[in-house]
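A short write-up of the structure that comes next.
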Amino acid sequence: INLSWGTWLKKMGSYNDGQVWVAELVGTTVFCVLGLGGIANAVLPGTKGHGIGFLGIAFCFGWGVFLALQFMGRISGFYNPAVALAGAVVGDIGWTRMLVCISAEMVGGFVAAILIWFTYLPHFQPLEFVQQGEDSLCNCCDLETGGVAVIKQELSEPAHRYVSAGTRGQRTTKSKVQPSDAEQPQLSAQSFWQTVKILMTGACKYDPQDDANEGSVNKLHPGARVKAKRQACGPSVRQRIEEDQEVKLTVFCTRPSVRKHYWLYCFWAECFLTFLLTYGAFSISNQGNILISDGAETSLYKTGLQPLLIGFLVFGLILCGGGTTGPALNPARDLAPRFAHWILPIPGKGPSEWWYSWVPILAPCAGAVLGGLFAKSMKHMLVAGL
């Protein structure tokens, strides 16, 4: 997003490509640090802000845009490859300058992901193995030493909704795996392979040999026994591992809230919201260029009014339309951190879900180009007095 669009274009000659590259790098890093940091604080187990919810995450992204524009917007203020592309398409910047901006923005997103990972390093913990209590009814998940996989801190409901909404079908992970949450020594290597066997064959399945075992579960009718075991187990080991992987991935990049026809719903959401973002940002700048003098516009910029309006725009768009995808609205905010997730030595991480990565790249670019063209046509109408 470029703040004070006309003023910045007039000053373009005074800034070389190197200065613009640094401005875009710093601005994108600041923006992504605040946004990704808000997600990490909201969803990672054990953080002080765990469960702040979607409202808190949206505020962090909006405030990140405001600060980035306030810090570096007078030099260059895109911080978004899609919006930089829109600027080149409508002729406001050259294609070479666009490539300079995009390269800096991608590096900024990657640097921000590294910084957030290191900041929250203690909370990127792997699943722990604990001993289940003697009074537990769970026999189906028993290992040789009676252990099951748990996360040290349970996810709160706001974090649960943000991370896992609908992406794993009908499976739920709201209940605890076991009542015991005390830390115990880790299981042996033999028990580890027993866990792998559970993951491959599935947990919470009725075994007729359990009839010979002692315990209140086996006194029930076979059908009731299986149901009771599932309730006692809560989520299976496989579900808890998937949940843990989702939490860690969500810190870095966006995920679809629905898998069925995600390519349609998610693409539309990202495209439409980025259209509104680009049109709104360009309109705020164009309105100042048309209706007030350059001196007054500079004064508005220095007081932070225009950066604040852009920040509120981002905040509102994420809050009203971000439930489907996250959202990204910005390839540098998704692709670069996704790459960081792929290469970082995060314990217990899962796949980086590259099958979805094309949506937060192509959809924002399409929406930004349409938004830029629409904003330019509206500006011409205002200038012509139509």
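Cβ atoms are placed via backbone N, Cα and C, with glycine included.
Given the structure is predicted, the values throughout are model-derived calculations rather than measurements.
According to TrEMBL, the protein carries these features:
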COMPBIAS  167-186  compositional bias 'Polar residues'
REGION    163-186  region 'Disordered'
TRANSMEM  20-44  transmembrane segment
TRANSMEM  51-72  transmembrane segment
TRANSMEM  102-121  transmembrane segment
TRANSMEM  262-282  transmembrane segment
TRANSMEM  308-329  transmembrane segment
TRANSMEM  355-375  transmembrane segment
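The stretch in 20-44, 51-72, 308-329, 355-375 that contributes the largest number of Cβ pairs under 8 Å to the transmembrane segment (262-282) is 355-375.
If one looks beyond the transmembrane segment (51-72) by at least 6 residues along the same chain, the residues whose Cβ comes under 8 Å of a Cβ in the stretch are 1, 3, 23-24, 26-28, 30-35, 37-39, 41-42, 79, 155-159, 161-162, 304, 306-308, 310-316, 318-319, 322-323. Proximity of distant same-chain residues to the transmembrane segment (20-44), defined by a Cβ-Cβ separation under 8 Å and at least 6 residues beyond the stretch ends, is recorded for 50-53, 56-57, 59-61, 63-65, 67-69, 71-73, 75-80, 97, 100-101, 103-105, 107-109, 111-113, 115-116, 119-120, 123-124, 155, 158-159, 162-163, 247-248, 250-252, 332-333, 336-337.
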